Ligand SMILES: Cc1cc2nc3c(=O)[nH]c(=O)nc-3n(C[C@H](O)[C@H](O)[C@H](O)COP(=O)(O)OP(=O)(O)OC[C@H]3O[C@@H](n4cnc5c(N)ncnc54)[C@H](O)[C@@H]3O)c2cc1C
């Protein structure tokens, strides 16, 4: 089992975790950023990438996906290592810091650091299970690298923005795509919905909706479309039904959890020295589960973490406008 070292491990790549990673790395610390999902952005990218957000300061009426893109871009050039598809489930004290146990794409692994910033939001956003009767050898709930499905007949099931995006990306990568949903409409950003319409008109994506997916069999899916039975050839079935939050992997950590909240002191400190909390999970935010609040908590927690890791660094960061990268 590999043990990866860092100065700070950030758990959760939602807005709070992304900004915490930014600030810790901006202060010069080596950061490892973990998320259970395959893409960053937390609730914004999992639950509402297509919706506009109106109350992030400085970004009026901005699609959630663009808010995330900006937070991710802000990490460019900074010492942040990404670990996606990585679910943190254990925390233990080690000499001089903390060890996080995690399930990684390569199997069980650990991350050791002097400080941990916990930004788990509502919990690990895990894909809803694909509950479809019948046997099929290749049913997935997460979009793989699209090029790996080139030339395959792929049935994408779902109306969420990820289903629209998957249909487009797979078709662009050379898969033969059928998109189906129990309702007539699909969610997505206006440009994506327009591209989907064009792909359908051009015969690059077949759309069957509203439709009921009744069963799977090897190489095929059996649907009811407009009251008629229809069998669609499918080498791969990709069921994208959204995400459900799961806090249980971290709820057992001795942080004096109060329901879904970790009590936090000034600076995002918790009951464990060197473990900080920010975002929706920080109790100090109370009912204000907002991006702007999480970003502020993240800035404060990351700067306290920086001082904890390297006491020679002041807690106060100074003004970024007076500093330059590199
Ligand atoms: C539909 C909807 C609309 C919203 N609209 C707005 C709005 O307009 N304005 C606004 O300010 N707020 C809005 N919010 C709230 C806002 O999205 C949240 O306040 C914000 O996402 C919280 O950020 P976070 O980083 O704390 O947590 P999250 O965004 O929840 O991110 C947490 C991340 O941590 C990961 N994670 C959790 N546990 C683990 C683990 N054990 N191991 C690895 N990874 C883990 C999760 O997979 C997730 O990616 C909205 C929320 C919803 C659901």
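A Cβ is built for glycine as well, from the same backbone N, Cα and C atoms used for every other residue.
In sequence order, 36, 37, 42, 43, 46, 47, 243, 244, 245 constitute the residues six or more apart from residue 125 (FAD binding site) in its chain with CB-CB distances below 8 Å. The FAD binding site annotation in TrEMBL covers 35, 43, 48, 88, 125, 280, 321.
Annotation comment: TrEMBL describes 7-302 as domain 'FAD/NAD(P)-binding'.
Taking a Cβ distance under 6 Å to any atom of ligand 1 as the criterion, the binding-site residues 43, 88, 321 reduce to 43, 88.
DSSP assigns residue 35 (FAD binding site) to coil, not to a helix or a strand. Under a cutoff of 8 A between CB atoms, and with a sequence separation of 6+ in the same chain, residue 321 (FAD binding site) has no neighbours.
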